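**Q** Questions regarding the structure given below will be posed in turn.
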Amino acid sequence: MKGTVGELGEFGLIRELTSRLTSTPAVKIGPGDDAAVVAAPDRRVVATTDILLENRHFRRDWSTAYDVGRKSAAQNLADVAAMGAVPTAVLVALVVPADLPATWPLELMDGIRDECQVAGAAVVGGDVVRGDTITVAITALGDLRSRAAVTRSGARPGNLVAVTGWLGWSAAGFAVLSRGFRSPRAFVEAHRRPEPPYHAGPAAAELGATAMTDVSDGLVADLGHIAAASGADIDLRSADIDVPAQMSDIGQAVGVDPLHWVLTGGEDHAIVATFPRDVKLPARWRIIGEVRTPAGRIPQVTVDGAPWDKAGGWDHFGDDA
Ligand SMILES: Nc1ncnc2c1ncn2[C@@H]1O[C@H](COP(=O)(O)OP(=O)(O)O)[C@@H](O)[C@H]1O
Ligand SMILES: Cc1ncc(C[n+]2csc(CCOP(=O)(O)OP(=O)(O)O)c2C)c(N)n1
Ligand SMILES: [Mg+2]
Ligand SMILES: [Mg+2]
Ligand SMILES: [Mg+2]
């Protein structure tokens, strides 16, 4: 595809975007009408939205359009999974400048489509608007399959805290890219293209998870939301939190304690949940701490019993943002 988005025009772009999509049996009416129609066998619909903005969530010199597509879909699909639901459909709202090469949004859509396919969902609609900063706003829908939603508020003292998926890999990759390097590849790739363990969300619900979230901002920050919503403290045992040797090497090279990436790095979209103590967890879950009766008036996350007094993760209005 030659030319720019402006040359293609709004409806030319929409035609090209939608022509690349695939469908699923849940999609009754896909893109092309005033709205889509998606089957909701459960009669409840899980709905969530996250925005990705150029130079805030991604950089075009660090990630391909396809990578940004995979990541923007993953960020939203992970939120559906973290409720214990199976993703069904996503809507893609795009802001693009007129002089952007048309290949960029088309390859973005390929990435969104492919990540949706990994999670079992399909793109059912969207919007295109001309603007100065590339913005990808995705809405994802999901189905609870007759189970109760797993919220952030159900953690109880005595519960175990367990996690599945990657922790700190994206943050280590971000640190590498920020310093002008392109390797080690595994970490840079983790930053470009997270791999949320989608299946683990519904699986955790089935196993009796009492609270759950995906780790988008950082483990300590996101568990902080569970602590606050549940009115309980959460203590992490650092000895049970794996720091890969390769991550330690990068930490050494750039002067950062790698445990900091694991505890406060976001964007890997691992799934962390609390479970009753007698749960039988499959091997992919690592037990990393426990829920405790709150020690003070404000529920908090502690590490090895000590309050975590640094930032627990990304904050769009924080000092690092
Ligand atoms: N502009 C908004 N209007 C209404 N609700 C919002 C808005 N921004 C965030 N929220 C809600 O606040 C909660 C926390 O948001 P956020 O930290 O972005 O969640 P997540 O990490 O799951 O994406 C979510 O339930 C989200 O839907
Ligand atoms: C260019 C660039 N700068 C900084 C970051 C780091 N970063 C941006 S947003 C974010 C947290 C996750 O995004 P957010 O919009 O908070 O998603 P949500 O928590 O709502 O799911 C992080 C770690 C990045 N990925 N790219
Ligand atoms: Mg959000
Ligand atoms: Mg999110
Ligand atoms: Mg966030």
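Cβ atoms here come from the backbone N, Cα and C positions, even for glycine.
Note that TrEMBL annotation is computational and uncurated.
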**Q** In TrEMBL, the substrate site includes His57, Trp314. Which of Glu10, Glu107, Glu267 does it also list there?
**A** Glu267
**Q** Suppose a student reads TrEMBL and sees Asp34, Asp79 listed for Mg(2+) 4. Which of Thr22, Thr24, Thr48, Thr49 should they find annotated at that same site?
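**A** Given Asp34, Asp79 bind Mg(2+) 4 in TrEMBL, the matching entry from Thr22, Thr24, Thr48, Thr49 is Thr48.
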**Q** For Asp217 (Mg(2+) 5 binding site), which of these binding-site residues sit within 10 Å, Cα to Cα: Asp79, Asp127, Arg152, Glu267?
**A** Glu267
**Q** Suppose you look only at the domain 'PurM-like N-terminal' (32-142); what would the mean pLDDT be?
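**A** Within the domain 'PurM-like N-terminal' (32-142), the model's average pLDDT equals 98.
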**Q** Which binding-site residues from the set Asp34, Thr49, Asp50, His57, Glu267 have a C-beta atom lying less than 6 Å away from ligand 1?
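**A** Once distances to ligand 1 are taken from each Cβ, Asp50 fall under 6 Å.
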**Q** What count of other C-beta atoms do you get within 10 angstroms of the C-beta of Thr49 (Mg(2+) 1 binding site), across all chains shown?
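**A** For Thr49 (Mg(2+) 1 binding site), the 10 Å Cβ neighbour count is 13.
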**Q** Select, from Thr48, Thr49, Asp50, Asp79, Arg152, each of the binding-site residues with a Cβ positioned under 6 A from at least one atom of ligand 3; if none does, say none.
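**A** By the Cβ criterion, which requires under 6 Å to ligand 3, the hits are Asp50.
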**Q** Let me know the most crowded of the binding-site residues, choosing from Asp34, Asp50, Asp79 and counting other Cβ atoms within 10 Å.
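**A** Max Cβ neighbours within 10 Å, all protein chains included: Asp79.
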**Q** So which binding-site residues out of Asp34, Thr48, Gly126, Arg152, Asp217 are up against ligand 2, CB under 6 A?
**A** Asp217
